[in-house]
Ligand SMILES: [Zn+2]
Ligand SMILES: [Zn+2]
């Protein structure tokens, strides 16, 4: 919802702009940037819900049960300038391990 800067009437959405129905004043729609989600934010949401099955699968042998399929995700475990570490979660027993440990 947007109101006219000139007369205070309710404005209607035209393509890319708001247009006042009373006086014809127009202004660009400026709200698109507020809803932009960066790749960093998306990645951290994936990590927080890492126990769910929305993660990609790969061939990896579970050290716990020997199953050869695992979900995986990348996570930085120390300072932001350190390289990311790959973590696996067994699709069968849900055991979680780091790629470095193998
Ligand atoms: Zn107006
Ligand atoms: Zn397993």
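Each Cβ is built from the backbone N, Cα and C atoms, and glycine gets one as well.
Under the heading Zn(2+) 1 binding site, TrEMBL lists 4, 7, 20, 23. According to TrEMBL, the Zn(2+) 2 binding site annotation covers 62, 65, 90, 93. TrEMBL lists 58-98 with the feature domain 'TFIIS-type'. Annotation comment: TrEMBL describes 4-23 as zinc finger.
Closeness to ligand 1 is met by 7, these being the binding-site residues among 7, 90, 93 whose Cβ falls under 6 Å from the molecule.
Checking the binding-site residues 7, 62, 65 against ligand 2, the ones whose Cβ sits under 6 Å from it are 62, 65.
Around the Cβ of residue 20 (Zn(2+) 1 binding site), the same chain contributes 4, 6, 7, 9, 11, 26, each under 8 angstroms and 6 or more positions distant in sequence. Applying an 8 A CB threshold to same-chain residues 6+ apart, the list for residue 62 (Zn(2+) 2 binding site) reads 68, 70, 88, 90, 92, 93, 95, 97.
Cβ neighbour count for residue 65 (Zn(2+) 2 binding site) (all protein chains, 10 Å cutoff from its Cβ): 11. In terms of local Cβ density within 10 Å, 4 ranks first among the binding-site residues 4, 7, 23, 93. In this structure the alpha carbons, written CA, of residue 23 (Zn(2+) 1 binding site) and residue 65 (Zn(2+) 2 binding site) are 72 Å apart.
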